[in-house]
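These notes concern the structure reproduced below.
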Amino acid sequence: MSSNSSLLVAVQLCYANVNGSCVKIPFSPGSRVILYIVFGFGAVLAVFGNLLVMISILHFKQLHSPTNFLVASLACADFLVGVTVMPFSMVRTVESCWYFGRSFCTFHTCCDVAFCYSSLFHLCFISIDRYIAVTDPLVYPTKFTVSVSGICISVSWILPLMYSGAVFYTGVYDDGLEELSDALNCIGGCQTVVNQNWVLTDFLSFFIPTFIMIILYGNIFLVARRQAKKIENTGSKTESSSESYKARVARRERKAAKTLGVTVVAFMISWLPYSIDSLIDAFMGFITPACIYEICCWCAYYNSAMNPLIYALFYPWFRKAIKVIVTGQVLKNSSATMNLFSEHI
């Protein structure tokens, strides 16, 4: 009898004095501090890192190109993940409770899905852009213009927002799972149970663009390899100014494709565990332990913080732009026309 009483006392609730409250599964104080530091660092990096990317591309006129506008829009999606998703998911993960209300739970879930797909669509369009740039660099400026980039950006935002809003604000995502959804619907929880049809739709929506990107980047690197061999074979010969220009353009586009290819690979690695886990869960009766699910979620969230690090590692112009912004030189009238590129490509 005494052991049962102590067990009841040990149970903690998200809202101690509210009927129907979710059970709270607390971490130790030390673990909570570590988790808040790890997750908080990711959120801060996602917000300020992507903010630097957006400011750099929008402020410096030298960076105003169709590709970079897509990159800035991608950074905006990752920035919004850092603002609207990661801080609240951090509290939910560490405290094992949702303290922000049911309405905001729906909004949070909607943002989570919408910005994920927005990132995926942006990366898919960037892959197409890079494919054209590398395979036909001299014709590329006439094919992928600023207006085409604007259309791609619009599609990358409108479709995910419409899809996410339609699925989560109409409640169709849990059709056929009403009993399970009601059982999990306690006060202080924000668990979204998605049925097999929508999980399969989500998985295909992730897999098909990912497959397209793999094909495109595979072709990009095959073409880049052929171009590099061609340049190497003709390197000892005297080049005309026209051939020299073609070589410089091709080299620049290959370098950009390589960097953005790393971004695509990082996205795939980050989101693949979550996508596979969601698919398995829906068809195997939601068997994934909570800790595994949270790890998959945070691997995906951390992708929003990775892109600025990739740009800083591979793009000298981004490092220079950061220095100009952080030191306050960006406030000078002449900063917008500053040269961020080295003379040699």
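Just so you know, glycine gets a Cβ as well, placed from its N, Cα and C.
Sequence annotations record features per position, and here Swiss-Prot assigns topological domain 'Extracellular' to 1-32 (among others).
According to Swiss-Prot, the N-linked glycosylation site annotation covers N4 (among others), on the basis of sequence analysis.
Every protein chain considered, the tally of other Cβ atoms within 10 Å of the Cβ of N19 (N-linked glycosylation site) stands at 8. Annotated N-linked glycosylation site per Swiss-Prot: N19 (among others), in sequence order, evidence recorded as sequence analysis.
Annotated disulfide bond per Swiss-Prot: C22-C186 (among others), in sequence order, evidence recorded as similarity to another entry. DSSP classifies C186 (disulfide bond) as coil under the three-state reduction.
According to Swiss-Prot, the feature transmembrane segment maps to 33-53 (among others).
The annotation topological domain 'Cytoplasmic' is assigned in Swiss-Prot to 54-68 (among others). For the topological domain 'Cytoplasmic' (54-68), residue counts in helix, strand and coil come to 12 helix, 0 strand, 3 coil, using DSSP.
Using a Cβ-Cβ cut-off under 8 Å and counting only residues 6 or more beyond its ends in the same chain, the transmembrane segment (69-89) has close neighbours at 39, 42-47, 50-51, 53-54, 57-58, 100, 104, 107-108, 111-112, 115-116, 118-119, 122-123, 125-126, 129, 146, 149-150, 152-153, 156-157, 260, 297-298, 301, 303-305, 307-308, 311. For 69-89 (among others), the entry in Swiss-Prot reads transmembrane segment, with the evidence type sequence analysis.
Taken from Swiss-Prot, the feature topological domain 'Extracellular' applies to 90-107 (among others). Through the fold, the topological domain 'Extracellular' (90-107) approaches residues 14, 22, 24-27, 32, 35-36, 39-40, 43, 84, 168-169, 188-190, 294, 297-298 of its own chain, all at least 6 residues removed from its boundaries and within a Cβ separation under 8 Å.
Annotation comment: Swiss-Prot describes C105-C190 (among others) as disulfide bond.
Through the fold, the transmembrane segment (108-128) approaches residues 67, 70-71, 73-74, 77-78, 80-81, 84-85, 88-89, 100, 152-153, 155-157, 159-161, 163-165, 167-169, 190, 192, 202, 205-206, 209-210, 212-213, 216-217, 260, 263-264, 267, 271, 300, 303-304 of its own chain, all at least 6 residues removed from its boundaries and within a Cβ separation under 8 Å. The transmembrane segment annotation in Swiss-Prot covers 108-128 (among others) and rests on sequence analysis.
The topological domain 'Cytoplasmic' feature in Swiss-Prot is assigned to 129-147 (among others). Note on the topological domain 'Cytoplasmic' (129-147): DSSP counts are 13 helix, 0 strand, 6 coil.
For the transmembrane segment (148-168), the list of distant contacts is 66-67, 69-70, 73, 77, 106, 109-111, 113-118, 121-122, 125, 129, 192, 198: same-chain residues at least six beyond its ends, Cβ to Cβ under 8 Å. According to Swiss-Prot, the feature transmembrane segment maps to 148-168 (among others).
Positions annotated as topological domain 'Extracellular' by Swiss-Prot, on the basis of sequence analysis: 169-202 (among others).
Summarising the annotation, Swiss-Prot assigns transmembrane segment to 203-223 (among others).
Marked as topological domain 'Cytoplasmic' by Swiss-Prot: 224-259 (among others).
Long-range contacts of the transmembrane segment (260-276) within its own chain (CB-CB distance under 8 A, at least 6 residues past either end) are made by residues 67, 71, 116, 119-120, 123, 126-127, 130, 202-203, 206-207, 210, 213, 217, 220-221, 295-297, 299-300, 302-303, 306-307, 310, 314. Taken from Swiss-Prot, the feature transmembrane segment applies to 260-276 (among others), supported by sequence analysis.
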Separation of alpha carbons, C22 (disulfide bond) and C190 (disulfide bond) (Å): 10
Secondary structure content of the topological domain 'Extracellular' (277-282), with strand meaning DSSP E or B: 6 helix, 0 strand, 0 coil
Confidence summary for the topological domain 'Extracellular' (90-107), mean pLDDT rounded: 93
Whole-number Å value for how far C105 (disulfide bond) lies from C22 (disulfide bond) (Cα to Cα): 15
Set of same-chain residues at least 6 away whose C-beta sits under 8 angstroms from C105 (disulfide bond): W98, C190
